[in-house]
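Data first, discussion second: the structure below is written as structure tokens.
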Amino acid sequence: MAVPFVEDWDLVQTLGEGAYGEVQLAVNRITEEAVAVKIVDMKRAIDCPENIKKEICINKMLSHENVVKFYGHRREGHIQYLFLEYCSGGELFDRIEPDIGMPEQDAQRFFHQLMAGVVYLHGIGITHRDIKPENLLLDERDNLKISDFGLATVFRHNNRERLLNKMCGTLPYVAPELLKRKEFHAEPVDVWSCGIVLTAMLAGELPWDQPSDSCQEYSDWKEKKTYLNPWKKIDSAPLALLHKILVETPSARITIPDIKKDRWYNKPLNRGAKRPRATSGGMSESSSGFSKHIHSNLDFSPVNNGSSEETVKFSSSQPEPRTGLSLWDTGPSNVDKLVQGISFSQPTCPEHMLVNSQLLGTPGSSQNPWQRLVKRMTRFFTKLDADKSYQCLKETFEKLGYQWKKSCMNQVTVSTTDRRNNKLIFKINLVEMDEKILVDFRLSKGDGLEFKRHFLKIKGKLSDVVSSQKVWFPVT
């Protein structure tokens, strides 16, 4: 069942987990507005409380159509809540077919939107420092949104730019200068990461484990061995652009203004029917008004613009996926109650509400948590009941050598390692829908493409029991 959170708001499902907490989907039971709520346990984040304050402060600065909106924050005891846009289109990695990629026209469109978001961030002096498909979300109109500013920092203030020295990010996406333990400029680092994202979109795989001479794939790239994977799968025009982006020397790396002049970047590609677009401004009228209201009532700490950055922080995981929905159909007062609500109640195991068949009623029911289900391809119906489906999953996990445990209700947590020997954790929910069992996979920690590879492997092993019925989500 849905868990009451603030007046008229319920927590209906977990969107993701991180080192210090999780992200929950909150839905207004009257208006059906949806907001992502990042819940941080400050007791678990005791070693880096300033990082949380910094993340809040940076989020407050942001307002762009290709950046996840921030509605406000609230502290209750040792729990910090951040209220963010809910993106029902899911993560970009879900649109990338392992070892194949996506249609070139889709990759170009997403890359355009990624560039627009990064140009905006750099324009206000912010560098993201962890650009990767797991941190790029899609709204209900398939517009790309940059999310997760936990590693972001200010590199320019009052027209004065500072060099950075903190090594952070996700190794396959970081620029080579980060690994040299010297100071570096911020903007070329984000540009490099965007090039790796473009490679993943076009080829369905990452080019290397890390950009260092100890990595054979990276050495091959520097020696221009483009007859190897992933480069041989990429057409000559986008490959020419990647040759200009993935340049080891930062000063020789192409800048975003020059990327926008590139032949492939400006090449008209057949996109078919044009998708409807969100409003061209950064914030919708109602959410902008809401934003002004909460900003005048909430206390934000200033950004620390000091030049020293002492920690080494690399991520092989998927941080909390922030997701978003626009609130222009209703006034700000409903979300205002969510941000400034007095009574918060925390579920001990929030995902139990996903497996209660009584909630899965008629379409349009505000009590149906699947009304706001994130769109993703990693789910299927089975021909069996819940018990038999669970038994088949168990047998498959044992054959594949996975570690697994049953957690909340009909949920299983699976742990394994990917091809790079990094930890990969995903959760599987068995949900009764229309007298059928939906098996829903969600990445909890690790690389998105590797997660999809394992999903396809499991689905292949279960081919005899997988139903041919399509899963159409999200329901709107």
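Glycine is treated like the rest: Cβ placed from N, Cα and C.
As annotated in Swiss-Prot, phosphoserine applies, among Ser280, Ser287, Ser415, to Ser280.
According to Swiss-Prot, of the residues Ser343, Ser444, Ser463, Ser463 is the one noted as phosphoserine. Screening Ser147, Ser333, Ser345, Ser407 against Swiss-Prot annotations picks out Ser345 (annotated as phosphoserine). Comparing C-alpha positions, Ser463 (phosphoserine) sits nearest to Leu15 among the binding-site residues Leu15, Glu17, Ala19, Gly21, Val23.
Here the Cα atom of Ser467 (phosphoserine) is found 29 Å from that of Glu17 (ATP binding site). When the neighbouring Cβ atoms lying within 10 Å are counted for each of the binding-site residues (Leu15, Ala19, Val23), the highest count belongs to Val23.
You'll find the Cα of Ser468 (phosphoserine) roughly 26 Å from the Cα of Leu15 (ATP binding site). Considering only the residues assigned to ATP binding, Leu15, Gly16, Glu17, Gly18, Ala19, Tyr20, Gly21, Glu22, Val23, Lys38, the longest pairwise Cα distance works out to 14 Å. Ser468 (phosphoserine) falls within neither a helix nor a strand when secondary structure is assigned with DSSP, and so counts as coil.
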